[in-house]
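Contents: one structure, followed by commentary.
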Amino acid sequence: MKLIAGDKDKRTSVAIRVVYISLVLTFFLFCIKFMVLSLGEFAGYFQENILSSSLDPFIGLFIGLLITAIIQSSSTTSTMVVGMVAAGALTLGEAIPVIMGANIGTTLTSTIVAFGFVSDRVAFRKALAAGVIHDFYNILLVVILFPLEYYYGFLSGLCESLQAYLFGSGAFDADAKWDWVFDFGVTEQIAGFINNSIIQLLLSLVLVFLSIKLLTSIIQKTVIGKSKDKLRTYIFDKPGKSFGWGVLITAAIQSSSVSTSLLVPLVATGKVRLNAAFPFIIGANLGTTITALIAASFSSTTAMSIAIAHLLINLSGVFIFMFSAVLRNGMVNFTKRFSFMVSQRRLIGLVYILVTFFLLPFILISFHKQGGSNNEKATEPQEISLLAQEAKK
């Protein structure tokens, strides 16, 4: 009888723990969604006044980075780009740099999540490394691939050929589905009730940090002993397995921001080592393109070309890093040095976020637009002179 009672108590304890984990995880995802929604309130100006000027590839790159950093949804940026390409406002070659920039901009979430551990220097160092390695990985991909696209049209030519060979035509709808699964529209109702963008943003940041503390607490209590060993055995024990889980989990929830953000507390609390987490992040980068690719296969040729371009960008990273332990270790070591420096001087981390994701793109875009308007003014006298000469004739 005691044995039966013990089994029942054990099952009850496990059930309670599963429910608790599910609730905390749901709250964490809700907080991220609310933060994304709050940031999105500031996106209208950038969508209307900046994205429409994307002609120069360099500016397109920074436009994609800036908009995605603000709205924290690379799928939203991609959808806007697809619409502009379909309308003839952008060519595929002009759109690809915007997609590259969106790949960088979407990494901001995990970096912000890492700042939830700022009060603990050791945990913050580990968390920041898990967050910024996603940044550095995508930045390096752009450094490698952007010149190939800029000078040779490598990606645009290749994705057009693949699209024509593999798929037919058919409207693009690849928005992320994880939001309604986890919050059932609650974030929109809260945002409508508050009705103040600044208060929404501040509240969302507070909730994100609170959810991080709860998630960290449950990880420390649950993922210990045998559970910790099982986590490493089944997901993170080998690079290939870690990569595969990154692809599958991200494809399932359709958000690399969420899957990589969930990884940050695991690394911060020492449950997963950074060099084991990095292949998972590479897989997450690839997984975020799969659902869009499937959806686009039933859509227009424009949508398919953009989806293939996104896939090729992230697939390139797989070939570069997954087949070279030396490159992976080099990236991990560089990230560890950077995170150690920031943990000693936390202000550097804030400066890094502001400059990389906001100030630098905004300054370059503004400078480009100002230069463009000056060129237009300079051509006006020439046009007037030509008209006057024609009138005399």
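Every residue number used here counts from 1 along the chain in the order it is shown.
In case you wondered, yes, glycine gets a Cβ from its N, Cα and C as well.
Per TrEMBL, these features apply:
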- 20-46: transmembrane segment (TRANSMEM)
- 58-75: transmembrane segment (TRANSMEM)
- 95-118: transmembrane segment (TRANSMEM)
- 127-148: transmembrane segment (TRANSMEM)
- 198-223: transmembrane segment (TRANSMEM)
- 243-264: transmembrane segment (TRANSMEM)
- 276-296: transmembrane segment (TRANSMEM)
- 308-327: transmembrane segment (TRANSMEM)
- 347-367: transmembrane segment (TRANSMEM)
Handout entry: Chain residues outside the transmembrane segment (95-118) and at least six past its termini with a C-beta under 8 angstroms from it
Key = 32, 35-36, 51, 54, 57-58, 60-70, 72-74, 77-78, 81-82, 84-85, 124, 126-128, 130-132, 134-135, 138-139, 141-142, 145-146, 149-150, 155-156, 205, 208-209, 212-213, 216, 256-258, 260-261, 263-265, 268, 285, 288, 306, 309-310, 313-314, 346, 349, 353, 357, 361
Exercise for the section: Report the listed stretch (58-75, 127-148, 308-327, 347-367) having the maximum count of Cβ pairs within less than 8 Å of the transmembrane segment (243-264). Expected result: 127-148
Completion exercise
If one takes Cβ-Cβ under 8 Å and requires six or more residues beyond its ends, the residues near the transmembrane segment (127-148) are 57, 61, 97, 100-101, 103-104, 107-108, 110-117, 154-155, 256, 260, 263-268, 274, 277-278, 281-282, 285, 313-314, 316-317, 320-321, 331-332, 334-336, 338-339, 342-343, 349, 352, 356
